[in-house]
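Participant: Below: one structure in structure tokens.
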Amino acid sequence: MTIALGKSSKEEKTLFDTVDDWLRRDRFVFVGWSGLLLFPCAYFALGGWFTGTTFVTSWYTHGLASSYLEGCNFLTAAVSTPANSLAHSLLLLWGPEAQGDLTRWCQLGGLWTFVALHGAFGLIGFMLRQFELARSVQLRPYNAIAFSAPIAVFVSVFLIYPLGQSGWFFAPSFGVAAIFRFILFFQGFHNWTLNPFHMMGVAGVLGAALLCAIHGATVENTLFEDGDGANTFRAFNPTQAEETYSMVTANRFWSQIFGVAFSNKRWLHFFMLFVPVTGLWMSAIGVVGLALNLRAYDFVSQEIRAAEDPESETFYTKNILLNEGIRAWMAAQDQPHENLIFPEEVLPRGNAL
């Protein structure tokens, strides 16, 4: 009898293998390597937002009340941007501005940079989570690719735009009314609705909503092997193994309606992916342009001419009036640090005068 001596063919597990096994174990909530980025960042971003909207004032940065503690509601509460004088400082708690004083840090707007940066990395972590899970179960990574679109919008609006301006002050604050204020600001100072990149973004988002509605209704309309119930919802069985709607019937229906229709499910679903993702990416590119002050005023030469020469006989369009009104109102209200006071003759007159 021969006895073979030597090392076992099974190699010893390294620390990396042990951690990898634990992180990627099949459990109710998948963790994964991406979770090391996602979970802490999401926790801190949400925690910072709830803390700021509940307790922290914006009196020192914007001259506003912005917390539930001060009487705001869900619509008016916000985590506000730092003052313009702080420019692009990261406002670290231990930095030269706050010097480790938590109260001072909150008063200076440190929670905004805290929420913005942790939020950005949290979103990136969520996209990486989709990549990681797709790789684990051998799916293609289109979910993660699609999620890159809202990440692009978040990063362009909350980080790249204020980096192109004079400071974080000009980014949106994290709140409902604050976001609407930012939209008004974009219109008045950048003529955003006339920007072709914004137009592509609107077409993408509204087009995607239309495609979703059409697709869902068409699948419901062409079910052929349903339950016995008279009602669609009682008849629907979520555990049925096979597909029970007719692509051929759907194709025939839309061919009659529009004259053209998708004949291939892959092309149909790719189009539903392509429309919103491309739209959001285009709008993100447009916001990067605005960060560099590449405004859409060039598309309304009347507005340029009216601004340069008050005596010029231009068509004083409602678009010009809207933007001038927004600027005259917001510049003084929204940028109190500038101490702007406009004389009567430069304010928009309206149609009556």
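Each Cβ is built from the backbone N, Cα and C atoms, and glycine gets one as well.
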Participant: Transmembrane segment per Swiss-Prot: which of the ranges 111-124, 153-166, 167-180 is that?
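Facilitator: Spelled out, Swiss-Prot records transmembrane segment over residues 153-166, not the other listed ranges.
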Participant: Whole-number answer please: how many Å between the C-alpha atoms of Gln130 (pheophytin a binding site) and His198 (chlorophyll a PD2 binding site)?
Facilitator: 28
Participant: My understanding is the cutoff is Cβ-Cβ under 8 Å with a sequence separation of 6 or more in the same chain; which residues meet that for His215 (Fe cation binding site)?
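Facilitator: The answer is Leu268, Met272.
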Participant: Under an 8 Å Cβ to Cβ limit, what residues of the same chain, 6 or more beyond the ends of the transmembrane segment (41-61), are close to it?
Facilitator: 67-70, 72, 77-83, 106-109, 111-112, 114-115, 118-119, 121-122, 125-126, 169, 173-175
Participant: Provide, as an integer number of angstrom, the distance between the C-alpha atoms of Asn143 (pheophytin a binding site) and His118 (chlorophyll a ChlzD2 binding site).
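Facilitator: The Cα atom of Asn143 (pheophytin a binding site) is 22 Å away from the Cα atom of His118 (chlorophyll a ChlzD2 binding site).
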Participant: Whole-number Å distance between the CA of His269 (Fe cation binding site) and the CA of His198 (chlorophyll a PD2 binding site)?
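Facilitator: So the Cα of His198 (chlorophyll a PD2 binding site) lies 24 Å away from that of His269 (Fe cation binding site).
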Participant: List the residues of the same chain that sit at least 6 positions away from His118 (chlorophyll a ChlzD2 binding site) in sequence and have their Cβ under 8 Å from its Cβ, in sequence order, or write 'none'.
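Facilitator: Once residues fewer than 6 apart are set aside, His118 (chlorophyll a ChlzD2 binding site) is near Cys41, Ala42, Phe44, Ala45, Gly48.
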Participant: For a quick check of packing: other C-beta atoms within 10 Å of the C-beta of Asn143 (pheophytin a binding site), how many?
Facilitator: 15
